[in-house]
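If you check TrEMBL, you get these features:
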- 327-337: disulfide bond (DISULFID)
- 35-75: domain 'EGF-like' (DOMAIN)
- 117-157: domain 'EGF-like' (DOMAIN)
- 282-322: domain 'EGF-like' (DOMAIN)
- 323-361: domain 'EGF-like' (DOMAIN)
- 805-917: domain 'CUB' (DOMAIN)
- 1-29: signal peptide (SIGNAL)
């Protein structure tokens, strides 16, 4: 008898079984009466690896599964002896059982026998520095262009000389006097001396089951009951060949297709078929070209998603990120909003300060050094002004005070002559222009102003809110402009902007190029407009057809030219009259040509004749000046130095402080290079005038140079002042010309949040409602109007917070907003909102995010319930931050909402919109907001955080019947996946409702 590979123990035992029986039956002895139920009592003689079975007269012993024997003797059955226990790789026997395991690079399938490839790249890129590529049974690290793998097979280095020169697939090494290619462990060098061939020692040679090394590389084979697939590497169970999709889906995890010889498995989009031919593996789309995403790509089961950084959103292509323009919403900033890539910032109008990141409130300029006023400072909304005590009046710098019975000295404007004299009690000054110059704003030859008791010692032009007019020597004749119109017949009516512009250029070129019109390139058309009448019968090229009568209206102008007047003297007035005559001649010739039907125009790529006797021009002309010139009477005068032409206002305006203009007829002012922003005189005419104001630390009666230094014990931080500030009792400066309070040598150095009290000579905390960012100051800055700080000694303006509860409760929509949002909410506030919808309506709440610091005792909390009573039905409650958006319907028909903060924490808070909707849509709304897919996708979450999209979404949720209309215009706003999620729900609801 031949027992083959059987062990000696099993050999001997089988021989014994041949003589006996494998199942032992024990008879009850007559000599020793059995009491019965030996198995239950444990009085049997079965082996420990056998089971005891009671019989009517006795009991039986039977070896357990995984063992063999007669029940009194049981020996472990080594399953690994026969066909490796069905394991395709390794089989390990154990008492009563066995375990299959896989080689490195593989993992067991669900049947616990077959081995399939393990994707090492899923975890930390397999340890690769650059790229990880999964292979059957292993993986490969690859390097970016210009790099090669080092000997460890993971890290990358710049291509070495020998790798570039020899073209080695893996490594190169120097051997004696030569350099040759070499391979990493688990590979051997190809006969070509460059490539490397894998062996069975590395990744099982790329074989799924068995691998055999040969001189040309590994040869793969399969375990019993498996067959090799066409790729020569993977194996598939032969039992599947005869299977049917009707039985256990043909063994396929997802899709099964019956074919002639059995079945074939396939996977849906986003998955790929595994080597076992049955299972589906998620396809990591992000591995290839980042999934096409412009920014971050995140793989998920069966799909992937492009994710944008904060401040961006995914475009309609679902791959490209584009900036969110937060400024599109008027509610983003109180005043001015500036969009930036991925962000935005708010700023306030002059005279206002920002708080809460986006809000603006009046700045109390008087709280800082009395607004710079020498005496009284009066704050107003968005501004302030200085005032003087009786007997004093404001200096021209609007801050210092001077004697009320003194007229301040006038500065003569550019290109003017000023003569002043005393007439009785009044000082009268007369302005005239220098030779060949004219006033830029008045037609008179002189301008008079006076000051004295009659005007309360104010100059009369100041009382009339007038500025002293400047003069300019840039004087020119005006252009002559007339309204002109004509008609022509055309086959089509097209009045696009481009066609009108081409027609304007065509007529202008014809007039200027044809000598008969005597334009000499001085004629021009502007503001051309067209109007069609028809369709009607027209004649074109001698043929009657259907067409349109088109009326063309425009402004026709002729520029002045002295080209033909150089032989005789002709001033500006003469040149204007000459231009008018030339205009009349041109129009006269033009009419004659039109009446002969000889004036051809090009329109819509065809030539047409202007209709006979249709060229008309009403009586009267207009005088116009080129840009940077003002029409003063019948003359064009260029803006004087120190001014610029403001196109919006159509007038000459003085250069703002900190700017200057040297040239006449200038379109803009230049920045004074050495001046701080906004510092300087108005209407500076030179670089010297940029610096004419007294510098900090100095003063003069006029506030202009020459100046005196501030005396010992005084200082002056501002430009152009007529006095200096006192340091305070007991404080002195080391020298003259001090510019700041710190030069007064205070006895203590004060930190930010404190100010030096000149009375007590101590550093004092800024009180609540004030802050100080700088050290060593003698004042604190008052918070913007309506805001307050949580504590004393605040060090910056962000500490100023509005305690007013935010949001609103409307009839159909509303907003629940923490105070000071999106800035941090203040301490110790309680806000309550009550939402009471109309009869038949319910409440939907969407929380994009809630930023509330988590505390041990929930000191800051947000709660939503039916009423004030703590026992009423609760809808929502939180006392911690939630970054993920959530939507829910109120559990009661009305809602009582309260937010409370203690004295411990502060944070951004929340801005929570809500809508009311018809309760007949309750089922649909619940179906939407309780669907986890609404929150699982990053792009869906982005919608609930995008205020613009959220507003549109809430409108749809509140009124579902407008959904389909909304879908047609929302394709550029909302991801397709979101539409795909909502559409079947809406259709199902309305089809069953």
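Placement of Cβ uses the backbone N, Cα and C atoms for every residue, glycine included.
Bear in mind that TrEMBL entries carry predicted annotations, made automatically and left uncurated.
Keep in mind it's a predicted model, so treat the numbers as computed, not measured.
If you draw a 10 Å sphere around the CB of residue 327 (disulfide bond), it holds 16 other CB atoms from the protein chains shown. Around the Cβ of residue 337 (disulfide bond), a 10 Å sphere holds 19 further Cβ atoms from the protein chains shown.
According to DSSP, residue 327 (disulfide bond) sits within a helical segment.
Shown for the domain 'EGF-like' (35-75): DSSP residue counts in helix, strand and coil, namely 4 helix, 15 strand, 22 coil. Taken through DSSP, the domain 'EGF-like' (117-157) splits into 7 helix, 16 strand, 18 coil.
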